[in-house]
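J.: My structure is below; once you've seen it, I'll send some questions.
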Amino acid sequence: MPELPEVETTKQGIKPHLEGCMITSVQVRNQKLRLPVPLNLNELCEGKHITAITRRGKYILLHMDKGYLLIHLGMSGHLRIVSQTANPQKHDHVDLHINNGLALRFRDPRRFGLFIYIDENPYQHPLLAHLGPEPLSDDFNSEYLLRKAANKSQSIKSFIMDSQIVVGIGNIYAAESLFLAKIHPNTSAKKITTEEFNSLTGHIKKILESAIEAGGTTLRDFYSSDGKPGYFRFALKVYGRKNLPCLVCENKIETVVIAGRHSAFCPHCQPIIT
């Protein structure tokens, strides 16, 4: 699933082509996504100008002079800027035609994504209203995490992947951040010290910033708006490296299942706290 860096990379890629432009038409080829694409989306959007493009967690928001489009890439989705004459492929579900001859094309083979219209304040929509702070904001810091972790017996990895605690951190960047902070992923959140939270928040911010600069991480499905893969996969220290030697101590990378997800870690660099 695309995480914050991949969504931010996508937002940055489409922004120069869409902001300030007018939507001339919308073509919906398949409305059956996680939530149905509105059948009258063309009527809702035609003739409106895109005034801004922002990101909230893993969601992309297209602000129009009236209303908003809320987009989520799901497990396998991506957005491309294409010519309006470009032939659609099998999983190209929605085209947003712009008055500059280009189109925003939404592709989603597994159809877990979203492409919906919101009339009112989008930040009060149920999908956004309860999200935690952005990890690259000043609101996300060790004091905040320490306060939220009080009496939380869940694993620290599940804790930082909870979008109500902090948005945008999925399996890849949680594993990498915990490795750099030398924290075992199964450690109870309430046992993490202030010093460890200082280290963890710092590494989360640095990793996300580095991943954005690298265009995200492409392991299978993710491609940016210009069709290029993300290159942060070459910087991964533990994710996807089970049984390979740790790049720090040369012990074998192991995995443990936490909340149904395989979590990579180094047993030497990240000892469990009992």
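Cβ from N, Cα, C; glycine included.
Feature list, courtesy of Swiss-Prot:
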- P2: active site, schiff-base intermediate with DNA (ACT_SITE)
- E3: active site, proton donor (ACT_SITE)
- K58: active site, proton donor (ACT_SITE)
- H91, R110, K152: DNA binding site (BINDING)
- 237-271: zinc finger (ZN_FING)
- R261: active site, proton donor (ACT_SITE)
J.: Using C-alpha atoms, which one of the active-site residues P2, E3, K58, R261 comes nearest to K152 (DNA binding site)?
T.: R261
J.: Quick one: mean pLDDT on the zinc finger (237-271)?
T.: 95
J.: Which one of the recorded positions (K58, H91, R110, K152) has its C-beta surrounded by the most other C-beta atoms within 10 angstroms?
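T.: Max Cβ neighbours within 10 Å, all protein chains included: K58.
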J.: Out of P2, E3, R261, give me whichever of these active-site residues has the highest number of other Cβ atoms within 10 Å.
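T.: Per the Cβ count, the most surrounded site is P2.
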J.: Please work out the helix, strand and coil residue numbers for the zinc finger (237-271) from the DSSP assignment.
T.: 0 helix, 12 strand, 23 coil
J.: Please report the distance from the Cα of K58 (active site, proton donor) to the Cα of P2 (active site, schiff-base intermediate with DNA), rounded to the nearest angstrom.
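T.: Cα-Cα distance, K58 (active site, proton donor) to P2 (active site, schiff-base intermediate with DNA): 8 Å.
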